Amino acid sequence: MSLRWGPLLLLLPAWVTAATSVTRCGSDKYELKNRGLCCPLCPAGQHVSKHCDGTQSTQCSQCEPDTFTAHPNSETSCLPCAQCRDDQEKVTSCSPTRDRQCQCKTGSYYCDSGDCVEMCYRCTRCEGATLHPCNATQDAICAAETSPVPGNPNKDWLIPVSLGAFVVVIVGGYIICRCRRRRVRQLLQQVVHFMKQERSEPGSHVSITLGFAPW
């Protein structure tokens, strides 16, 4: 969360003065050194409009819009509230007793490192698992990517060889079936031819030579 420290530094002299005068004036008063008086502090949300003078107590006024004082004080004016930048969004509004709080917009995070050029950076998008989501003050933490386990190169040849053998078996079986059908058809033609000759020439003998090539 982005905080504006500049206004708070303006209160430092008053706090130091109040600390040194606590023992003499008490914790609820401040010392007006040029007069040696202990004046009551103004409450949070107000500032000193007129110091005490020995006859009248401290006069306090309400903080103007967009200004604040968070603690009892001896300031003569209230502190200006922080202004959110374009890359920030408001978390809490400014009030007389509280500063405006800003943070990086959704989808970005605040970087307070000395190496950061800008205050708000866009959140990292994890390709895989997210160990910690991005928020206003911290970037996302991504899980380490794991490399896929390589296959065994000694077995990569099995698939193409198996497919090739399957194709050879199918084609070979088809060719064998075709050859067998052709030879059976030739045999039937010779038998039919022989029977026709027997009918047309009784008493004649015709020898039929059946030749089969070895399988």
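Placed from the backbone N, Cα and C atoms, the Cβ positions cover glycine too.
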In TrEMBL, Cys84 is paired in a disulfide bond with which of Cys63, Cys94, Cys102, Cys104?
Cys102
Between Cys52, Cys78, Cys81, work out which one TrEMBL annotates as bonded to Cys63 by a disulfide.
Cys78
Could you tell me the C-alpha distance between Cys78 (disulfide bond) and Cys84 (disulfide bond) in angstrom, no decimals?
19
Cβ neighbour count (within 10 Å, all chains shown) around Cys81 (disulfide bond):
21
Residues near Cys84 (disulfide bond) in space but at least six apart in sequence (CB under 8 A):
Lys90, Arg100, Cys102
Just counting, how many other CB atoms are there within 10 A of the CB of Cys78 (disulfide bond)?
25
So for Cys63 (disulfide bond), how many other CB atoms are inside 10 Å of its CB?
24
